[in-house]
Amino acid sequence: MSETCELNEMSKEVSDGLDVTAKIKLKGTMYGKANGLSWFTTALFIVADMAGGGVVAIPIAMLQSGGFAGGIVITIICVAFCYTAHILGENWVTMCERWPEYREHCRKPYPEMAYRSMGPTARRLTSLTLNVMLFGVSVVYLLLSSKIINDFVTTLTGVNMGFCVMLLLVAGVLLPVTWLKSPQDFWAAVVVAMLTTAISVILILIGTIQDNPTCAPVAQIPDFEWSSLLLSLGTFMFAFGGHGVFPTIQHDMKNPKQFTRASITAFFIVAAMYVPITVLGYITYGNSLQDSIINSVQNANIQQAANLFIAVHCILTLTIVINPLNQELEHALRTPHKFGFQRVLLRTTVMAIIVFMAESVPNFGPILNLIGGTTVALTSAIMPCLFSLFLQARDKMDGKDSERNWTEEFKRVIKKTSLWRLWINIFVIVIAIICGVTTTYTAILDMGGSRFSRPCYLRAFVDTNVELEVLRENPMHCCGPHFNVSRFGSASEFCV
């Protein structure tokens, strides 16, 4: 039996030689939770997992990729990632049918999927990838929430204490929360996060529509460049990623076989959020868009409200994603489960490392692209396809996971997988590898190039691009190619 899952009564029946397959056919959804999630509630949780940071960043990705090319890319990624969500759901149903111990409790479903399909090494690599992704997402959401809160405070009070200082304050406020024992159920926080994102999208749409008559006539669209298109792929993948927690959500469903229905609904809702603000922001603001579309909205009240709701989402998401990372480290270091100085020391160290990374690269755009091109490409595209091919090709109760003949494994995959399914999975894997590698390379270059921001702790000692930093730290970006067009009057009064 795997080390992270527990046997239930059905696994005892397997050991007694009873016909489990017949029972599954009779009861159908017996490996779901009696009081589990409905398919529609599951769809809402998937939306909450995916949407958030993508709302403010995806219009900039559309600008980088070009209107027509960006539309094609966002469609392909949305459809491909919806497909990989579907096959993840298939994989989990297959695992529950073949290994009944997964039906009642499994602490880490995604690594277990790797274990059952490709062995123990795959499980370790998958677990490592998920932890790296959680760390990166924590950095992104700390950066994003700090920037948004600083913009909100600046607009409200007229006092700009600076993004770098605000980041330290936000981390300091959140730190004691990370010390507490984690609640067993985060669903209430997840639902609130989804609602705040939806409200923010509506506010951004209203503000952009108000700005359109003034800003659209002076908007300039940059010339198409392949390097910009490749860089935007990371943001698009991040915006539609989140597959690392999908098996966990499915595990809590009343009927796990309905996960595909939930996934399709969720991706439709997310696309309905992303597409309007992406297209309208592209047409209205053009190349005056910077890191966040919210800064381009010129109605101060709408901007403040949108910032507030997105900030709530980011903070809730940060507290959720940092928790499994802390627990994984505590498990590895055998830290006591009860509250004590060991937990405080370890979790403070984790937060300090996240803060140091955020202060070192104080621009969430390049980090978001880097995560999208690496861990998100792996967990949302490559791994689901590989696990599906190997898991579905295995004999039903084949439990030999340690010594495997990979030549025979590949032959069995080719032999037992239908031609259309094989080619679709290969296509997704190849495209994800190409996009992931090129996006990662471009994001690394971008960190030291046009979007370079000097680390916060060096700004006091080294000359920096003052105009660029003032623009990035100003909560209101006027439109036009020179950021000098405002629908409220004097450019000198309202624009940087």
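Along the chain as shown, residues are numbered 1 onward.
Heads up, the Cβ atoms here are built off N, Cα and C, so glycines get one too.
TrEMBL annotations: computationally assigned, not manually curated.
Database features (TrEMBL):
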- 37-398: domain 'Amino acid transporter transmembrane' (DOMAIN)
- 37-62: transmembrane segment (TRANSMEM)
- 68-88: transmembrane segment (TRANSMEM)
- 125-144: transmembrane segment (TRANSMEM)
- 156-179: transmembrane segment (TRANSMEM)
- 186-206: transmembrane segment (TRANSMEM)
- 226-246: transmembrane segment (TRANSMEM)
- 266-285: transmembrane segment (TRANSMEM)
- 305-323: transmembrane segment (TRANSMEM)
- 344-361: transmembrane segment (TRANSMEM)
- 367-391: transmembrane segment (TRANSMEM)
- 422-444: transmembrane segment (TRANSMEM)
Out of 125-144, 156-179, 305-323, 367-391, which stretch touches the transmembrane segment (186-206) the most, going by CB pairs under 8 Å?
305-323
Intrachain neighbours beyond the transmembrane segment (37-62), with Cβ under 8 angstroms and 6 or more residues off its ends:
70-71, 74, 85, 140-141, 144, 187, 190-191, 193-194, 197-198, 200-201, 204, 232, 235-236, 238-242, 245-246, 249-250, 252-255, 258-259, 261-263, 265-267, 269-270, 273-274, 277-279, 281-282, 285, 289-294, 310, 313-314, 317, 364-365, 368
Surrounding residues of the transmembrane segment (156-179) on its own chain - C-beta under 8 Å, 6+ positions past either end:
142-143, 145-147, 149-150, 304, 315, 318-319, 322-323, 326, 339, 343-344, 347-348, 350-351, 354-355, 358-359, 362, 456, 459, 472-474
Using Cβ atoms and a strict cutoff of less than 8 Å, what residues sit near the transmembrane segment (125-144) while being 6 or more residues removed from its termini?
52-53, 56, 108, 110-111, 113-114, 167, 170-171, 244, 292, 310, 314-315, 317-318, 321-322, 324-325, 328, 354-355, 357-358, 361-364, 367-368, 370-371, 374-376, 378-379, 383
Let me spell it out: take the transmembrane segment (68-88), skip the flanking residues so only those 6+ beyond its ends count, and list any with a Cβ under 8 Å from a Cβ in it.
46, 58, 61-62, 113, 224, 229, 232-233, 236-237, 240-241, 243, 246-247, 250, 259-260, 263-264, 266-267, 270-271, 274-275, 278, 282, 380-381, 384-385, 387-388, 424-425, 428, 431-432
Are there residues at least six beyond either end of the transmembrane segment (226-246) with Cβ under 8 Å to its Cβ atoms? List them, or say none.
46, 49-50, 53-54, 57-58, 60-62, 64-66, 69-70, 73-74, 77-78, 81, 84-85, 88-89, 110, 130, 133-134, 259, 263, 267, 270, 274, 365, 368-373, 376-377, 379-381, 384, 435-436, 438-440, 442-443, 446
Long-range environment of the transmembrane segment (266-285) - Cβ separation under 8 angstroms, sequence gap at least 6:
42-44, 46-47, 50-51, 54-55, 58-59, 62-63, 67, 70, 74, 78, 81-82, 85, 197-198, 201, 204-205, 208-209, 211-212, 215-216, 219, 221, 239-240, 293, 296, 479
Counting only residues 6+ away from its ends, which parts of the chain sit with a Cβ under 8 Å from the transmembrane segment (422-444)?
76, 80, 83-84, 87, 227, 230-231, 233-234, 237, 366, 369-370, 372-374, 377-378, 381-382, 385-386, 388-389, 413-414
